[in-house]
Structure formats: structure tokens, C-alpha cells
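Peer 1: Quick paste of what TrEMBL says about this protein:
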- 10-222: domain 'YjeF N-terminal' (DOMAIN)
- 62-66, 139-145, ASP165, ALA264, GLY317, HIS369, ASP433: (6S)-NADPHX binding site (BINDING)
- ASN63, ASP135, SER168: K(+) binding site (BINDING)
- 229-494: domain 'YjeF C-terminal' (DOMAIN)
- LYS403, GLY404, ASN405, THR406, THR407, GLY432: AMP binding site (BINDING)
Amino acid sequence: MRGVWTPEQIRAAEQRLFTRTPEPAVMRRAAHAVARHTAQVLTECTGGVAGRHVTLLVGAGNNGGDALWAGSFLRKRGVGVTAVLLDADRAHQGGLLALRRAGGRAVRAEGPNPDTTGVGAEAAEAVQRADAVVDGIVGLSASGGLRPMAAELVDRVLMPIVSVDLPSGVDPVTGAVDGPAVSADVTVTFGGRKPCHVLGPGAVRSGDVLVADIGLDGDLPEPELHVLDAADVGAAWPVPGPEDDKYSQGVVGVAAGSATFPGAAVLAGGSAVRATSGMVRYAGPAADEVCRRWPEVVVTGSVTDAGRVQAWAVGPGIGTGASGRDVLRHVFDSGRPVCADADSITLLGADPTLWDARDPDAPVVLTPHDGEFERLGAGPVGTDRVAAARRVAARFDVVLLLKGNTTVVAAPDGRVLVNDSQQAWPATAGSGDVLTGLIGALLASGMDPWLACGCATRVHSDAAELAARDADGVGAPIGASALLDQVPAAVRAVRRAALT
Ligand SMILES: NC(=O)C1=CN([C@@H]2O[C@H](COP(=O)(O)OP(=O)(O)OC[C@H]3O[C@@H](n4cnc5c(N)ncnc54)[C@H](OP(=O)(O)O)[C@@H]3O)[C@@H](O)[C@H]2O)[C@@H](O)CC1
Ligand SMILES: Nc1ncnc2c1ncn2[C@@H]1O[C@H](COP(=O)(O)OP(=O)(O)O)[C@@H](O)[C@H]1O
Ligand SMILES: [K+]
């Protein structure tokens, strides 16, 4: 499991580090990593390092200081380096001196000879002829999008961008983008990932995130967020052992679909089948359709005569009327772990007395998209998706899985898992139904609900990627059935990662 730390946590750890290692030495360590990775980018793009040109975009703080020091190291490898200073009077003095001593030059962003946008001729030329650009505009102290001059320069960049610590213009805490922002090819960050590297647009704009060791390890507290690696998911995914039978691996009950929406039942039931070797029961009005597509599912017309299960997946396509309400009440009343999705969430929002049927000791997972989240009555999601998920998880004592390009899974005790997959192939109708079936199956196996959500989300997005892309990596739109068909391949891939 990889950790993610807030800027506040990183700063506090840095302060502890500075009691042992002087601040300038730490900055040079950080900058050295930036230089190393920039040299690598130059090699990949131009076939070499010496004789190439790098332009540094330098803001007013230590992020700019890192860039300037990195420039001085690149100079020593024969790279032509120009620093474009966005705020010349406040540029990091030590870094500037180091760059000049190494033979680099610095120009003001705004002059001389500015064009109609205010960008000086030297600065414009430096940006346009660079083989790579280092973004040291702003780091942990960022607020809001890029300011106009920075935005204008970034707009002109034609070659790869290496961002120092984070892509400038992105909110470090939420990953939100409110205005112009850098889209980096590579981000070199220090000590550990920050939320913006794994959340929302920030994750996409970070490009490849490389974590440089600056000596913070022992000073970092418990991470604010966690990201599961493929190997974590593979190690946790349930597979049958020699002593197992169809019951011992957990029986999952799927209460989904209706005469109007039989497809939801087929998708949720099918994904449960693909997720585990344990038994899948289906209870609801789409029993015939489910049985036709998935003959291994034990079907019945109603949750009241479904037989014993170890967990329920409930909600997709059950409707928001009286029959849906009865289904949800019955499932809650069973005292089993429940993954409640789609219509169940709408029902809970409209009639909070449904919570009364819940056994307080049985875990509940809610899996809303933004609209369903709002229907729960805890306000809109807003830009801080982690805070929103935590708020609702604590309020209802549930594991809250907030869907989207970045999926956030919050436990009632505040732990948060993030799936930072950046591809959007799962954004297709019915793919949420597949996710519900996966989570239900993992809950039935006895897995911790928070981990079950993280594992299901990872396999879900990997399956979508496998379904969408060919061997050359070229993607094409998929439907939820195609995603579902790739679940076994995705499980195999994470298990392979765990075994190697
Ligand atoms: N401590 C250390 O030794 C180490 C620190 N490290 C490095 O320090 C970085 C943090 O540095 P930092 O705290 O100096 O601030 P930083 O992020 O450079 O911002 C500077 C100023 O920019 C401005 N600004 C704000 N928003 C803006 C926007 N949207 N667009 C444009 N400008 C904007 C705002 O100033 P304002 O103009 O508002 O007065 C702000 O004060 C960190 O990310 C890492 O790279 C590493 O070297 C490891 C060791
Ligand atoms: N832009 C996106 N990028 C990646 N995944 C997405 C994106 N939009 C939606 N998803 C994922 O697709 C699934 C859609 O679920 P949901 O909205 O419940 O759809 P449905 O109700 O049609 O099944 C969720 O797993 C969600 O996280
Ligand atoms: K930056």
C-alpha cells in the first residue's frame, strides 16, 4: 500500500528533518532528483543530455529554488539552461546564484521587448526553443490556477514538462483545477506523494509521478490517504483453497433489477460470478434473465425466500418505489454486510427511516456517484472529494465509495483509499452495476469492507482498461458487458503482481 501525505504533514516532517540536515542541503537533494529525471527526459526525447536546452519556469518560492538548483546541476552536465523569472525580485537567491555560477542565465518573464501578451522576447524564445521545461512556478504553497503571465508561458511550451513537486496551478490538497494549470509529463516529488498526485484532474496533470528520497522517511506520520498497488489487491483477492467448497468461500446475494431493468441484475449477478468461486444467489423479478445468462446462479423471485447468504449486493435497477423499499429493508434486516448502490441510495436519501432496519454491527458500503451522494442529504460533493466522502462515511457509519475518475473510499474511522487510475473507460452505463457485484462478492468472502471496495475498484478499472485497449494500447469505447468479461483477466494480472 502506498501512502499519500498532505502538504501540512510534509511540512511538519520537513521541520523535523531540518533539525538534523540544514534546509539548503535538503533543497539541493530535492533539486538533484529533479535534474536527474530531467536529464532522463532529455535522453528519451533527444537521445542525449549535453548540448540540449532546458528552460526553467521559476516562481517566487522554494519550488522555484528547487528548479534553479536543478538548473545548476544540469549545467554541469553540459545543458544550456535559461531561467525565466516570474517574480525576479523574489526569486530564490541561493538557487539563482548557483545557476549563474554554473553558467546558466536568467531572464525576466515580462521583458525586455514584451509582446502584446506581456511576455518578454527572451522569455518567449527560451520557452520555445527548449528541449524540456522545468516547472518551478509554485509547489506546496499553491492556491488557485496559474496567474496570467505563468499561464501565458506554459501555453507556449511545446516540449515535455518536468514539474517540481506538483504541476503548478493544481490544488495540492484536492487535486482540483480552478483555472489554467500545467500538464506535466513527469512530476518529481519529495518524500512522498501528495493528494494532488492521486486525486481528480491533478492526478492526470501530474503525468508520471516519481518520488525522490530527501531523507523524510522516518519523519512522516501515518499517511492521510492510501493507494493500493496491484500486488496488494492480488494478495487480498479470494481464491479457493484445498479445503474450500462453494459455501465456505462465501455466498453473495444479489438483489438487483426489475421487469423494467433486467440488465442491472444480469450485470451485477454476472460480476459476482466472475469475482469469486463461491455461490451467487439472485433474488428478484429478473430471475429468468439472470438464469439464462448465468446458469450457475441460484435464482429466486424474492429476497424473502433467497436462502442464506454471507453478504448482499443491493440496489441497481430495483426502483425507488415500495417494492425497492421492501427489498432494502429486508436486506438490512438480515444482519449481513451489505453493498447498497444506485436505487438503494436514492431510497435511503428519500426515507432515512430505512436506516432503522440496519443491524448496527453489520457493515454497510454505499457506492454513490456525485448525484446519488447529494441525494443522501449531506450536501454536494464539492471540490474536496476526500473530505466529502469522510463526512458521509462518519455520519452514516458506512464505508463510502465515491465514484468518479478518481474513486475515493472512506471508512467511518476516517481511513481513505484512493484509486488513482486515470483512464475513463469505466464511464459507461451499467459499469456501476458490475462494481456492485464485485464488492458484494468480496464482502461475502469475509474481506474487510474498506479493503473490499479498494480491491473491487482496482479490478474494475483494470478490467475496463483490458476491455478497451488492444495490444498496442489503442482504446475503443466499451460497454459494461465487455468490462465484465475482462474481470478474470484483471484478477489474474493483480494476482500475478502479488506472486512476483
Ligand atoms: N522547505 C524546504 O526546504 C523544501 C521545500 N521544497 C520545495 O518548496 C516548495 C514549497 O515552497 P514555498 O513554501 O516557498 O512555496 P511555493 O510553493 O514555491 O510558492 C511560492 C509562492 O508562489 C505564489 N503562488 C501561490 N499560488 C500561485 C499560483 N497559482 N500561481 C503562481 N504563483 C502562486 C505565492 O506567493 P504570492 O505571490 O501569493 O505572495 C507562494 O508563496 C515545495 O513545493 C518544494 O518544491 C523542497 O525543496 C524540499 C525542501
Ligand atoms: N470519468 C471517469 N473515469 C473513470 N471511471 C469513471 C468515470 N466516470 C465514471 N466512472 C466509473 O464508472 C462507474 C459508473 O458507475 P455508475 O455511475 O453507478 O453507473 P451505472 O449506474 O450506469 O452502472 C463507476 O465505477 C465510476 O467510478
Ligand atoms: K511546480
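Placement of Cβ uses the backbone N, Cα and C atoms for every residue, glycine included.
Keep in mind the model is a prediction, meaning the values are calculated, not measured.
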Peer 1: Anything from the binding-site residues ASN62, ASP135, SER143, SER168, GLY432 with its Cβ under 6 A from ligand 2? List those in sequence order.
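Peer 2: Listed by sequence, the hits are GLY432.
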Peer 1: For a quick check of packing: other C-beta atoms within 10 Å of the C-beta of GLY404 (AMP binding site), how many?
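Peer 2: Its Cβ shell of radius 10 Å holds 16 other Cβ atoms.
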Peer 1: Which binding-site residues among ASN62, GLY65, LEU140, SER143 have CB under 6 Å of ligand 3?
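Peer 2: Correct list: empty, so none.
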Peer 1: Beyond ASN63, ASP135, SER168, what residues of that chain have CB atoms within 8 A of the centre of the K(+) site's CB atoms?
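Peer 2: Checked against the 8 Å cutoff, the neighbours are LEU57, GLY59, GLY64, ALA67, GLY136, ILE137, VAL138, GLY139, ALA142, SER163, VAL164, ASP165, LEU166, PRO167, VAL182.
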Peer 1: For the recorded AMP site formed by LYS403, GLY404, ASN405, THR406, THR407, GLY432, which further same-chain residues have Cβ atoms within 8 Å of the site's Cβ center?
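Peer 2: Leaving out the recorded residues gives HIS369, LEU402, VAL408, ASN419, PRO426, THR457.
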Peer 1: Let me know the model's mean pLDDT on the domain 'YjeF N-terminal' (10-222).
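Peer 2: The predicted confidence over the domain 'YjeF N-terminal' (10-222), as a mean pLDDT, is 96.
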Peer 1: Sort the binding-site residues SER143, ASP165, HIS369, GLY404 by C-alpha distance from ASN63 (K(+) binding site) and give me just the closest.
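Peer 2: Answer for the nearest of the binding-site residues: ASP165.
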Peer 1: Would you kindly give the Cα-Cα distance separating ASP135 (K(+) binding site) and THR406 (AMP binding site), rounded to the nearest Å?
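Peer 2: One finds 24 Å between the Cα atoms of these residues.
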Peer 1: Between GLY65 ((6S)-NADPHX binding site) and GLY432 (AMP binding site), how far is it from one CA atom to the other, in Å?
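Peer 2: On Cα coordinates alone, these residues lie 45 Å apart.
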Peer 1: Please go through the binding-site residues HIS369, THR406, THR407 one by one and keep those whose C-beta falls under 6 A from any atom of ligand 1; give the result in sequence order.
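Peer 2: Listed by sequence, the hits amount to none.
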Peer 1: Could you state the CA-to-CA distance between THR407 (AMP binding site) and HIS369 ((6S)-NADPHX binding site) to the nearest Å?
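Peer 2: About 10 Å separate the Cα atoms of these two residues.
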